[in-house]
């Protein structure tokens, strides 16, 4: 797993310290352990987890601004925990309505000592943080229009939505006349599938 992760990191053009790679592998080991009992993710094989969870999340790393970030429908902490581990400059909050997933994320925060991570258990539309977020990201939460609608109250005035998608989401964008600032095609090492990152600046809404 370590070699696969390190190779993938190089292919993504990232330069991560050894201690960050070690912490990512420790997170993956904890996820695999919990997954045997709590069924947090459908991906069971640790080698597949490297590609489908770690490298998929790491593919957006260069495109995330500094500041505060909210990961909506984070599940087991993807991409939020991965981003928090790699980017100490980010203040990351993850939120999920499923209690067992929030419990896992809290355990990961404690065991891995991720000081720049906060975990919230609850529905995003009912979440009332002390301050709005600079970036709101989702990986597999909902269609883009609903994602924006449910999180609008959480977004800073000059903030940015980042929607991680598979195929080009033209229908989602066209249905609600959303005009993204950019749609970037992402290459995930070892993954033979389309990945796109949609950039939606809050100031246009």
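Just so you know, glycine gets a Cβ as well, placed from its N, Cα and C.
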Per Swiss-Prot, which of 87, 139 sits in the S-adenosyl-L-methionine site along with 73, 78, 124, 125?
139
For residue 78 (S-adenosyl-L-methionine binding site): DSSP state (helix, strand, coil):
coil
Residues satisfying Cβ distance under 8 Å from residue 139 (S-adenosyl-L-methionine binding site), sequence separation of at least 6:
56, 57, 71, 73, 74, 75, 78, 79, 164
